[in-house]
Amino acid sequence: MSPVHAACALLFAAPLMVLGVPPIWTQPEQVHLSYGGVPGTMVVTWTTFNETESKVEYSLLGARLFEMSAIGHATLFVDSGTEKRKMFIHRVTLGDLKPAASYVYHCGSEEGWSDVFFFTALNDSTTSSPRFAFYGDLGNENPQSLARLQKETQLGMYDVILHIGDFAYDMHEDNARIGDEFMRQIESIAAYVPYMTCPGNHEATYNFSNYRNRFSMPGQTESLWYSWNLGSAHIISISTEVYFYLDFGQDLLFKQYEWLEKDLEEANKPENRAVRPWIITMGHRPMYCSDDDQDDCTTFESYVRLGRNDTKPPAPGLEDLFYRYGVDVELWAHEHTYERLWPVYGDKAFNGSREQPYVNPKAPVHIITGSAGCREKTDKFNPNPKEWSAFRSTDYGYSRMQVVNGTHLYMEQVSDDQNGKVIDSIWVVKEKHGFSAWVQSHHFVHTGDLSSSEEKVRRGIWHLFPRVNKVPSLGTNAEICYTSQRCTLSVEERGSIFLSSCGCSCWQHSSS
């Protein structure tokens with residue numbers, strides 16, 4: 001064979017030889033953030049399919065690019081499916097971050113780097129007013145709300161995302177490739193803001209192994225339950241699934257309850273409740289609902305609410321515990337609908353008053369938001385709900401919340417079916433927090449109209465909560481601010497905080 005013919009033969013054979021070599025997957029993917037639980041921290045988590053160094057290079061926005069770096073570690077995760085697929089989950093904690101300062105970063109190693117992302121460090125001041133999007137039951141098939149959430153997150157509308165169980169549908173399927181696909185899909189959200197989670201029933205396969213390995217929540221409980229502080233809120237994430245999957249062991253049920261009681265006791269110490277008066281819980285399966293889907297909160301009394309008597313010893317439920325420690329707001333999902341409840345305890349509504357039910361309510365406020373979009377579509381409602389059901393919608397969508405200050409909290413529901421229209425909103429206003437607030441009645445709250453100068457500002461600037469036409473106020477001496485968020489395609493341009501009718505001091509939101 002001539003040299004020319006030999007060279008040609010080699011060129012034709014080369015692709016075949018390359019195809020026969022297993023790929024070396026060192027490129028980072030599935031990048032997502034979570035709060036480390038300690039002020040000034042952020043955890044960066046990502047996946048590779050071969051072992052590499054775990055490194056994040058980052059810098060303040062506007063400074064010399066990637067002038068800081070941090071090293072973490074990788075954990076081998078072997079999926080329990082038939083292929084026993086292997087992946088490496090990398091975790092790096094960034095520390096000493098400046099509150100409300102913006103950073104750019106990428107992650108990986110010299111064998112491969114991720115795209116460049118940015119985030120704003122959480123402002124851990126008790127006077128900050130954090131903004132959340134929250135939802136559950138989001139899959140990679142029919143993810144109806146995903147595109148809108150991606151855009152709003154990158155426009156800087158949210159400080160934190162709360163995903164209240166049920167991911168991907170389901171992470172373990174196709175030997176965990178569905179989980180990989182889902183984590184790639186949410187990267188355009190979760191790589192920009194902390195993506196805080198709790199487990200749902202769709203994570204249960206192989207003892208929640210995909211959930212426990214892929215996410216990095218605070219604490220040492222493999223992300224099953226934990227708590228953290230932000231602004232004037234103490235936020236508690238729980239696993240409702242410990243009441244249902246007893247084959248994995250009953251000890252988790254009792255361990256969580258013991259931890260939860262201690263956490264609530266600590267949060268209710270006077271010195272702690274004074275600075276973090278709001279206690280907010282998030283868990284997948286609700287205590288109450290009016291869906292017509294034969295679920296446990298419609299066909300029989302909720303295990304989560306009342307506990308189980310078929311365990312030894314009997315397992316206590318959470319409703320009495322939450323009531324005793326004055327939990328203010330309870331966020332749920334699981335039902336593929338949106339439902340807002342009146343303040344409820346013991347299957348009865350306890351409104352603050354007829355005119356203002358969420359002003360000094362006498363029981364916790366429940367929100368069910370499980371219609372972000374998945375392959376199971378949305379649910380139908382029972383045509384005859386109980387008295388505690390206040391508002392219901394079967395539209396695809398998600399919820400927003402702002403913990404404005406120690407007395408005011410705002411929530412609204414976005415309909416993706418109606419092109420982002422806000423279809424429901426409430427102010428929860430509390431002069432006092434804790435168990436004593438349930439047994440006292442207050443009637444001093446009035447509603448203050450926005451001043452004409454504020455209206456002029458509002459007409460010219462798009463803001464996060466467009467349905468806020470009136471701001472409930474505690475009186476002329478109380479302080480209450482709400483956020484007007486100016487969003488453009490420019491990452492550098494952020495909004496300001498404007499005055500409410502009761503005349504609090506205005507402060508400027510940090511630029512990013």
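From the backbone N, Cα and C atoms, a Cβ is placed for every residue, glycine too.
The feature signal peptide is assigned by TrEMBL to 1-20. Taken from TrEMBL, the feature domain 'Purple acid phosphatase N-terminal' covers 28-120. Marked as domain 'Calcineurin-like phosphoesterase' by TrEMBL: 131-338. Sequence annotations record features per position, and here TrEMBL assigns domain 'Purple acid phosphatase C-terminal' to 363-425.
Mean per-residue pLDDT, taken over the domain 'Purple acid phosphatase C-terminal' (363-425), amounts to 97. Note on the domain 'Purple acid phosphatase C-terminal' (363-425): DSSP counts are 0 helix, 32 strand, 31 coil. In terms of DSSP helix, strand and coil, the domain 'Purple acid phosphatase N-terminal' (28-120) has 0 helix, 52 strand, 41 coil.
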